[in-house]
């Protein structure tokens, strides 16, 4: 059969020929190797060949030691060496299943069994471990270490210069006399007692300057700059990691047709190696397609709504959102009352009962945890009646949960500050010194208790809820347990837990400088707790999360937590009077006052420079320039978007042109073969598969028109 030279030049045909050549070479190479092995084995003769054959051949009799064989010493050594190599290889073969069981807990295996969304969660958790460790290194290197050095005679301690003597008194919180053992446990869990007078809390840093041989180290300025530094470092690091995920997420959410194509043709996760995970991934893709179709149906339903239906649904949403606001107000009021009661009881030094004292100390943390547990259940019930699209339901519920978790910390701090700033006139110290002689340490203790209680809850849920649930499902096969099933590893819920803890760390690091070290240890342990729980107790979520969208979602929630953390820290630095009896800022009215005082001590040229930068003459033009730069980049992004749309349209037109040209080429070829001159030629027939090729071209052309219609 003669071949067509034009069709043979198509890229698909050339690729097919290349693959055939590669397969032919590979088969020939394998054949040559298989034929060469017997020749090499047969050509080897002599004593060594016999020995190797004997060692390779199975011997039904028990193997004798090498020293008992009737051969010379050289051959005995060779046999002993071969025996050792054989035993080592057999040992490695026996150890392979154990190694496989050991490596099942690695991150690639987690990705292979549960998908890329789970891998993104654990990568995010590992990132937080590294971030907290860097924060701890900054705080320890620039704050804790100089204060520790000053305690050995290298620096001078701060002394309050205020005229009011009552504001400088700071009574010791250490327990005197006979102390029961459970009181030490309460101190360890709540940060009071002996733990309050350590480098863990703000009040123990009472050094103003550390004199070295060539320079003087300003501890208050370093304390403030390090606080600003780790917040800025966290912001830059999070933004850098979120840029790539934002790009991919923007591309995926740009076009609904593109989303359908990605799910159908590129939605499979080829990292999955487990059969159950593959079956779950199939159902997840099916769920995604159903969700997208449901969204299209709801959008069409929304477009067809009448004015009366719109008024009814908007009125229903208004009523439900008012109910949500009522639930939030009730939760926040409960947190406020619990905080006030806990602070009032803390001032009464009357030890009653170990359990009761511990509950009073942790009462705000318990109420916050209950609010974080109950409100998501209420939100899941309410969102079903608001008639949103499925994707918007998930996002809206998550944003409500984020708001509850972060706002609960804000309500706790507001309750504390309302007690700290409430003092009877006249107020010589600027704050309630009678109840809070060192209010920064008290706030640090509350953050410390939130951190410890959050870790206890995560560990307790894993051990006391998820593991027994798995045992019940496995060993009690009934209809109820089968419907209940194993615990689902919900990625958004777990992300909210660790973002909540990281927000506590950002807020509490100013009042409890070594809190990032505790957070590093906490997340390190949680990393392995979650890994073991995922492999042993949980099943993947039915709502899948891609790696790109997961990374962007995680970091977006973390940015919200960072913004929430900056507000109370900034207010306490700039607005609330610092304690006069403890901490490095006893000589200043507020913590921010150390900055202008330090600038006033600089040389005149630097002083005038900083004053000029902080003046309105510099701030207004700088703001205008920043706005112009932002406007330029926004316009540039819009131009790039238009160019991308033009290129996309051009690619579509080029694809249509190629199909049109190929169809015309086939028609011309068919007419040439159907001409009388070619029919009269002997031994010339129609090209192979021309009818099939026509059907393929026509089918592609029709499908393309249907797709782009």
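Including glycine, each Cβ sits where the backbone N, Cα and C put it.
Of the candidate ranges 482-505, 506-529, 578-601, 650-673, TrEMBL annotates residues 506-529 with the feature transmembrane segment.
Sequence-distant residue pairs (6 or more apart) of the transmembrane segment (221-239) and the transmembrane segment (506-529) include at least 3 whose Cβ atoms are under 8 Å, placing the two stretches in contact. By the count of Cβ pairs under 8 Å, the stretch nearest in packing to the transmembrane segment (362-385) among 127-149, 314-336, 397-417, 618-639 is 397-417. With Cβ pairs under 8 Å as the measure, the transmembrane segment (506-529) is packed most heavily against 127-149, out of 127-149, 314-336, 618-639. Per-residue pLDDT, averaged across the domain 'TMC' (438-548), gives 83. If you look at the transmembrane segment (127-149), the same-chain residues 6 or more away from its ends with a CB under 8 A from one of its CBs are 155, 199, 204-205, 207, 210, 217, 219, 222-223, 225-226, 229-230, 233-234, 237, 241, 498, 502, 505, 509, 513-514, 516-517, 519-520, 523-524, 527. DSSP labels the residues of the domain 'TMC' (438-548) in these numbers: 85 helix, 6 strand, 20 coil.
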